Amino acid sequence: LTFPLLSVTLLVSFGSSMLYGYNLAVVNSPAEHIQAFYNATWSRRYGHGLAPGPLTLLYALTVSIFALGGLVGSLLVGVLVERYGRNGALSRSALLVLLAGGFMGFSRELGSPEMVIIGRSITGLHSGICLSVVPLYLGEIAPKNLRGFLGLMPTIFICLGVFSAQVLGLPELLGKDRFWPLFLSVVVVPASLQLLLLHCFPESPRYLLIERNDVCGATKALHRFLGTPDVQDVIEEMKEERRSLSSMEMVSVWQLLRDRSVRWQTLSVVVVNAGMQLSGIDAIWFYTNTIFQNAGIPVSQIPYTTLGTGAIEVVAGLIGCFTIERVGRRPLIITGFCAMGVCSAGITISLLLQAALPWMRYVSVACVVGIIAGFCMGPAGVPFLMTAELFMQSHRPAAYIVGGSLNWLCNFTVGFIFPFLQMSAGAFCYLVFCGVCLLVALYVYLIIPETKNKTFMEISHIFA
């Protein structure tokens, strides 16, 4: 593990992945203040406030528009990484965060709820790009024995992003009414740092050699990342992959979906990415305070309870990162989904028994913690890592478009529908998440092979 390899991993994780986690959780604590701003603005414009139903709808749109932006961003990944490379796509995408920060930071001064919604959609666009490009970049620059460790590093920063939003959202910090625009626009700081420093690191060697036929550039990049002059074995492995793809151009999404030779890889990407979002984790992140309030936690204690769950996320992410090369991908993702499924059922049971047994509220909190810990240990990062590992260079960008699109589409669906599902189904809404988690765990157990310490060519031969 060389200094340049670790440095670029930390930089892109801090400047991109962390923003995804931050933007997932940033709307949780200031929800009341943002809704009050929407209501006051509507009253000034039209002479009357918003009814509870339309106000909930407008706020649900603010929360979930982030995922629609992410969907659009994920669809652009193939074009961006082919035209600008992995490093170049990440550098340019940081400009979107500066634009979004400006919209959200000045929204109250200009009395415009629309600016909050536009800013949220632009941050989603950035996250949609980076959520696919970061693991793609790290998966291609990492040696095979470090691919799992470096591939899960962004997961730790996603958890740190969520935790940062929970800390800054405390009433003693930026959780006050007058600070929520600043709270939303803090994202410009990590993005600016990435924009300034990322150009100091080379492009992905696999991209340079296989897609650009730049052997000299790929060799220099490998020297820098691996810290050794002896990189001939890696160069030969990449040349072998390029020869196997010599008669094949970069495939489109439509070609990927029609290609029978990779149908199980494609189906696996669809299942784990859709399952990751339909597991209910977004409902937990977007509406943590509401869930705890419904569980009977005193309002004054909710921000600190939420903060405790954020700390557990970081610890769980670290456990996953440091154990993935020891235990492998499959055990982590199967264990994570099973834990989430059991805890989702536990929330339903505890909420149903809470009227008779008031102490069951603490069981609800424990189950929420279990869902978060299970997610951060495996399902949070392994699907993105597996997308890089299951496909050859020609299919990889299209696979990320498919996985990313489903990821964000399901993210939007959960974020938008969950408040209404909770109102109509009550405690039973969590049983839906339970079923999804257990089915995904079963699929991974039966279908997906272990990819630890295998080259991309070896993984392709296993599926073949």
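Placement of Cβ uses the backbone N, Cα and C atoms for every residue, glycine included.
Taken straight from TrEMBL:
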| type | residues | note |
| --- | --- | --- |
| DOMAIN | 9-452 | domain 'Major facilitator superfamily (MFS) profile' |
| TRANSMEM | 57-81 | transmembrane segment |
| TRANSMEM | 93-111 | transmembrane segment |
| TRANSMEM | 117-137 | transmembrane segment |
| TRANSMEM | 149-168 | transmembrane segment |
| TRANSMEM | 180-201 | transmembrane segment |
| TRANSMEM | 267-287 | transmembrane segment |
| TRANSMEM | 307-325 | transmembrane segment |
| TRANSMEM | 332-353 | transmembrane segment |
| TRANSMEM | 359-386 | transmembrane segment |
| TRANSMEM | 398-421 | transmembrane segment |
| TRANSMEM | 427-448 | transmembrane segment |
Report task. Take a look at 57-81, 93-111, 267-287 and tell me which one has the most Cβ pairs under 8 Å to the transmembrane segment (359-386). Result -> 267-287
**Report entry** Leading stretch by Cβ pairs under 8 Å, where the reference is the transmembrane segment (57-81) and the options are 117-137, 149-168, 398-421
**Finding:** 117-137
Query - When counting Cβ pairs under 8 Å to the transmembrane segment (332-353), the leader among 93-111, 149-168, 267-287, 427-448 - result: 427-448
Report task. Sort out for me which stretch, of 180-201, 267-287, 307-325, 398-421, 427-448, has the most Cβ pairs below 8 angstroms to the transmembrane segment (117-137). Result -> 398-421
